[in-house]
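Just below is one structure, and these are the notes that go with it.
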Amino acid sequence: MNNLKLGVEVVSAHDLMPKDSNGAANSFVELHFDHQRFRTTVKNRDLNPYWNESFYFNVSDPASLPEMELEALVYHQNPANNSKSCLGKVRIAGSSFVNMQDATVLHYPLEKRGIFSRVRGELGLKVFLTDDPTVRISNPLAEFDNMMSTPSEASNAIRENQYATNNPTRTFQHLPRDNHTMPQQYQQQMQQQQSYYPSGSMPPPPLEVPARNPYATGEIRQEQPQPRILRMFSSSGQQPIDHQLKETSPSLGGGRVVGGRVISSKKPGTYDLVEQMQYLFIQVVKARDLPNMDLTGSLDPYAEIRLGNYRMRTRTFNRNSRPEWDEVFAFPKETVQASMVEVYVKDKDLVRDDFVGLVRFDLNEIPTRVPPDSPLAPEWYRLQSKDGDRTKGEIMLAVWIGTQADEAFPSAYHADSVPLDPSIASTHIRGKIYPAPRLWYVRVMVIEAQDVFAHEKTRLPEVFVRIRLGHQMLRTKGIQSRNASFQWKEEHMLVAAEPFEDELIITTEDRHGANKDEVLGEISINLSHVPKRGDNRLVRPQWFSLRRNVLVDLEQLKEDPHSSKIHLMVVLDGGYHVLDESTQYSSDLRPTMKQLWKNPVGVLELGILNIDGLHPMKTRGGHGVCDAYCVAKYSQKWVRTRTMVNSLAPRFHEQYTWDVYDHATVLTIGVFDNCQLGERTETHSDGQMHSYHKDHVIGKVRIRLSTLEAGRVYTHTYPLLVLQGSGVKKMGELHLAIRFTVTSLFNSIYVYTRPLLPKMHYIQPLSMQQQDYLRHQAVQIVAQRLSRAEPPLRREVVDYMLDSHAHLFSMRRSKANFFRLMSVLSGPLAVGRWLSEVCAWKNPVTTVLVHVLHIMLVCYPELILPTIFLYMFLIGLWNFRYRPRYPPHMNTRLSHADNANPDELDEEFDTFPTSRGMELVRMRYDRLRSVAGRVQTVVGDVATQGERIQSLLSWRDPRATAMFLLFCIIAAITLYVTPTQVLAVMLGFYLMRHPRFRYKLPAAPANFFRRLPARTDSLL
């Protein structure tokens, strides 16, 4: 029986639009959901009404809940004709409903119901799901009669309804909650609506990409030649050719890609951005009735699979004749050079493993499975001897041929990824999907403390408050007081991650001296019980009793019978986006609280195809090898491909999908060398021995979604460039297929008009110092949580993907940013040079034409702005034919990486604080002083010009101020009696006068300005 219900608590409304002659409104709220309608009571003559009424809707079909909407309409009741008029409405998507324990009151801005509506104000609602069978459905109140009493009201309603149908309004939604916090019946219906999709599945139907076959021209054969490569040159002519993108035309699962178009003669499947590779899957489930092989009557069984040159084995069970492995193995069919596959069951011994039995399969008789077919049912097979005779024991197996779309592909042990040493844990090789932890800002306001006594009565205590949350620690300033009451009124911010494992510990301490603090009281707060908010509404502070950590004598107890108390305001701010990335490369801009998420605007699909030309990262067995894997990060979803062992040209062909909520986000793909496969010290390419405890960086690719055309498939090879101490180095080429699909054109355009960050960043902004500190703490938490997964995403991988060290000083980056600024200013400077040439009459024809244009604009000033905008429109149309047809990539010339000084690179890779020698640090310090001296001079010159402008009216130079005032009164009279157009023509002719009428000496206004005094005389 379905007990799922939707609870809605109508709390209040604020700042409603007045509707009657007295400037008030008789307001009530109507709730519409799943063909049910409830209404609150009417609050007469109140623009800020409070209802605090609860309603419960029955959910008829929990499976279609994400497609439903809750609509709350605020009306004004007109008692004269018993009609109602709309004051605004709110729409909440069904995917934003949360459990009752996680629900909180949110104030939604009212939206227009139609194009002729006028609305303002907010509506406070608390929306939640519950499966409590004791909760009953609410009873609807009586409806109004004669809702539309006049024809004008009816016509307005018709126009509003038509506008609402043709122009969908914004909705407040978020992705589905985790299953362990949902009601049980709702979990069963929402299993297919997860926000993270495994590599063998696709998004739910609302975001499913339709089949693309608009360019089908004919059947394409199965065997295709090597992809044709087209050279794509960078926008900068100085970029080396070897470091540029290359456009390719591969044959993928959806068809041949030519110029971003997919040419296919068949309907594309799930994996249409990668080449469909066939695998032989063998599922070893369990065995039974195995014979005892040891003298002690025990058996240590394991299964070994032999296919050509491949050898793979399961884990070993000690003293168990009925083992249960339940492991899946995958063999690439294109590299198989055998006609039979053999599954051996052996007994593990110290000297030589004993043979128990085997099962053989003919590869030509193995069935093929194509999803969405159901998985193959495992079967019991009788073990045979090597001669083909039956032996004791049976093994349960399932053998089939499938592709990457198979559900067993992500969790299978791949033959092309298994290391040579079977003792190495294969958990470091599998590909996985990692959901990033949901981060919250914890706001702690320390107001005051009372009855805080120091243990030494002979001295005046200096009390401060220390705030700790995990590895984060903040403190207030120290305050001295004689009456045991202390006031701080300081606000501090920390970062916490769900689930909240660490408690917030607040201590009051007395500072005795340097590094000598004495704890006076302590309190621990569980963050699960802290209130959450999505806006800047006030949260009531609370008094907390402090625990004492030392023994107190009887006399002090008599003087202080009450415990010490502290006044705190602690709240979880969910209206912010917790910045764990650089804002320039951010992949997610949504607030923490899921109820504030908007609808996605599109779907991003990424196909990681292969890597060519990898450099050996280490040696194994006397040969240079590389164990490469890829990590992709977008939004709250991290993905990791399987590790390709001993391969300098790995082929992944794995596809992943993300929901896109903003175009101004960046997809990051990193390539790393897996150094967790059992090696400790190996010989590097430089001939030295190194300890491999960290995964090595091979390269990184960033792709900004706003630079991608919707629906186009981008297939390029990206050079993997890494900056080392010896300079920039190309480590290989990463082949990717990317497609960005827009699901809603209206939402996609509307996103450009919204603020980049959530509104709390503008209503209650954080200082730059707070942002840097909180970002550092967020990176620490994300790295710590991801390193606890299996296989772990190591700390060096997370730091490299999030650019955690990008804020440190680098002379190379400083040069790059300076020349970027000069490139931006080159346009205005070029216009200035052109005007100077016009004024110098270097081309008389051009100067005469400029004179004519100047006269026309002065006579018809209303043509100035239309001319400017028309000129920009024509420039944009002209540049359309030269638009970039590929995503931007790392530019070594723009980054000043190809000609960087070795000492500057060594300074960039230095630790913080520095670990270099004293002489080297002194040399770098002197170099920085010389650069800072030039910057100091420029800043001083700019300040001098500004002070000269201020001194015009300050009478610092009385003669100059008197002359300027006389000029002002003469200019005022002249401008008053002379037409403005005449002055404009004369000024233009004067500035563009012929060089024969010019003087080589500076003009009088310039001489006058340079003689004005500045405050440089007051500097020491």
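Quick reminder: no glycine exception, Cβ is built from N, Cα and C everywhere.
Sequence annotations record features per position, and here TrEMBL assigns domain 'C2' to 1-107 (among others). Taken residue by residue, the domain 'C2' (1-107) breaks down under DSSP into 12 helix, 55 strand, 40 coil.
Per TrEMBL, the feature domain 'C2' maps to 261-381 (among others).
The feature domain 'C2' is assigned by TrEMBL to 419-544 (among others). Averaged over the domain 'C2' (419-544), the predicted model reaches a pLDDT of 87.
Per TrEMBL, the feature domain 'C2' maps to 585-718 (among others).
Summarising the annotation, TrEMBL assigns transmembrane segment to 855-880 (among others). Long-range contacts of the transmembrane segment (855-880) within the same chain, counting only residues at least 6 positions beyond its ends with a Cβ under 8 Å from a Cβ of the stretch, are 981, 984-985, 988.
Within its own chain, the transmembrane segment (964-992) has Cβ neighbours under 8 Å at 838-839, 847, 850-851, 854-855, 858-859, 952-953, counting only residues six or more beyond its boundaries. What TrEMBL lists as transmembrane segment is 964-992 (among others).
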Residue distribution over DSSP helix, strand and coil in the domain 'C2' (261-381): 6 helix, 54 strand, 61 coil
